[in-house]
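I have placed the structure first, in the form of structure tokens, so that the comments after it can refer back to it.
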Amino acid sequence: MPKYVFVTGGVVSSVGKGITTAAIGRLLKSRGLRVALMKLDPYLNVDPGTMSPYQHGEVFVTEDGAETDLDLGHYERFTDENLSRASNVTTGQVYSAVIAKERRGDYLGGTVQVIPHITNEIKARIRQVAELHRPDVIVVEVGGTVGDIEGQPFLEAIRQMRREEGRRNVLYIHVTFLPYIASTGEVKTKPTQHSVKELRAIGIQPDVIICRTDHPVGDDVRAKVALFGDVDEDAVILLPTAETIYEVPLMLERAGLGRYVMEHLGWDDRDPDLADWERMVERLKSPRRRLRIALVGKYVELHDAYLSVVEALRHAGLAHDVAVEIVWVNSTAERSEIEAALRHVNGIVVPGGFGPRGVEGKMLAARYARERGIPYLGLCYGLHMAVIEFARNVLGLCGANSTEIDPETPHPVIDLMPDQRGVEMGGTMRLGRYPCQLVPGTKAALAYGESLVYERHRHRWEVNNAYREAFEAAGFVVSGQSPDGRYVEIMELHDHPWFVGVQFHPEFKSRPNRPHPLFVAFIGVAKHVLREGEQRPLPLAEPVAMPAADD
């Protein structure tokens with residue numbers, strides 16, 4: 001029977017519960033335990049698949065094709081474990097399931113209520129992870145903040161879990177924030193006291209309180225939190241802001257959290273195997289040089305919209321002992337602004353996306369990289385932008401486009417597959433893990449060092465095979481495809497240092513100690529392209545003609 005660790009948050013949102021949950025998973029795995037992690041999201045959406053990145057950040061795709069919360073990306077990167085759709089539960093999923101059961105008559109005509117029906121469904125989904133993954137321990141993050149009305153059923157469900165599973169099999173960890181008052185030079189504990197008080201009013205007594213802080217905190221603060229929170233002093237963990245998120249497991253271990261969790265759950269503590277992790281963090285904090293990589297997208301104001309891409313670039317930089325500095329380039333900006341940003345970068349990444357807004361800037365970036373020999377990595381939509389730009393400016397296909405952008409284009413170089421036509425959004429995309437057969441001798445094959453790989457997808461539109469021969473004749477070749485030859489998965493330029501576009505999302509599979517080979521190869525070329533500080537002359541490229549359009 002598995003044991004459970006529940007992580008809640010108080011005082012403010014975005015306090016760091018996701019990183020804390022991932023770090024706890026790392027600490028327990030380093031002690032030889034089989035670990036599973038999951039996120040309970042209180043919002044009413046079924047999943048974040050159709051939510052705006054401005055609202056939610058990136059959508060993280062699991063191996064089995066679930067569109068999930070970005071925190072699952074942290075979980076996978078920290079624990080190096082592939083999660084499943086069962087690892088992300090939303091209020092929308094829970095209510096949909098309960099209502100469907102009521103319609104089928106599963107409740108035998110009874111009155112359907114939040115307690116017990118909604119809470120029972122939540123508990124069943126938590127236990128489903130235990131059945132699927134057979135872990136020793138499940139670490140569960142409860143989204144939102146204590147006091148949010150939509151989170152109440154989830155808190156009630158985890159309260160009941162301790163009663164049903166036994167006190168020694170359930171641990172509650174509460175993550176709070178200690179605000180700093182500059183005028184008095186004090187760190188205040190009162191918000192944490194009230195947050196714990198509210199949690200206790202629900203019936204949950206936290207076993208551990210983790211206090212996030214941006215300023216040094218003394219032992220007197222720890223003692224005060226322990227007194228008002230009714231926990232042991234060594235169960236109050238002071239967690240200052242880290243230089244890198246990957247340092248958090250080491251900070252929590254030094255604070256004694258790993259030992260405390262093991263002892264509370266009735267296990268003998270073991271020495272954690274964190275040597276590789278410590279070396280990785282040390283290298284992250286002391287790189288030999290810096291690279292500037294342009295990330296060209298339309299949601300750059302919210303960096304979380306491209307979280308996995310940024311982390312994958314940093315992982316690849318670690319493999320080459322360089323620090324990757326992201327140059328955020330808004331693809332909706334004026335051409336002159338985009339050009340100015342691209343003058344002094346070592347490489348360009350155009351990440352995934354949807355819709356027509358900002359495509360002009362993305363294609364300008366693709367053309368600049370192609371014409372100037374600058375390393376380019378196009379991810380999903382980034383491949384589409386490179387294909388359209390090449391079709392127009394090299395193949396001479398006037399008006400070439402994607403039918404996603406222009407349904408009436410005379411040259412649909414990017415198009416829906418026939419079986420996708422007429423299907424509405426929401427659960428209709430090509431999602432999850434699919435095989436890709438690599439062409440021997442290509443840059444992609446050399447990067448992977450394998451002939452068959454599996455990658456995660458999230459898209460509806462594909463490269464149109466009707467134009468494949470024309471592209472290959474001009475040097476833009478297919479270097480990876482589905483084993484049946486139906487789908488183009490990777491394209492690359494023959495006569496270019498590194499110009500590769502992929503239909504999938506390799507960033508979802510990158511880990512700090514196991515960076516993705518495509519990102520490693522990209523950074524490996526980029527670090528030889530441009531000396532630090534050097535600038536290229538303007539103009540960079542002629543503008544790409546695109547019709548004005550909005551999302």
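Backbone N, Cα and C atoms are what each Cβ position is placed from, and that goes for glycine too.
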Given Swiss-Prot lists D148, I149, E150, K188, T189, K190, P191, T192, Q193, K224 for CTP, the same-site residue among S13, S14, S402: S13
Same-site ATP binder from D64, D69, D71, given that Swiss-Prot records S14, V15, G16, K17, G18, I19: D71
List of residues, in chain order, with Cβ under 8 A from that of G382 (L-glutamine binding site) and at least 6 apart: V349, V350, P351, G352, K362, A366, G501
Residue, out of the binding-site residues K188, K224, H384, R460, whose Cβ gathers the largest set of other Cβ atoms within 10 Å: H384
Binding-site residues compared (Y54, Y381) - the one with the fewest other Cβ atoms within 10 Å: Y54
Cβ neighbour count (within 10 Å, all chains shown) around P191 (UTP binding site): 15
Close in space, distant in sequence - T192 (UTP binding site), Cβ under 8 Å, 6 or more apart: G10, V11, T176, F177, L178, I209, C211, V225, F228, G229
Mean predicted confidence [pLDDT] for the domain 'Glutamine amidotransferase type-1' (292-532): 94
Winner by Cβ contact number (other Cβ atoms within 10 Å) across the binding-site residues S13, Q193: Q193
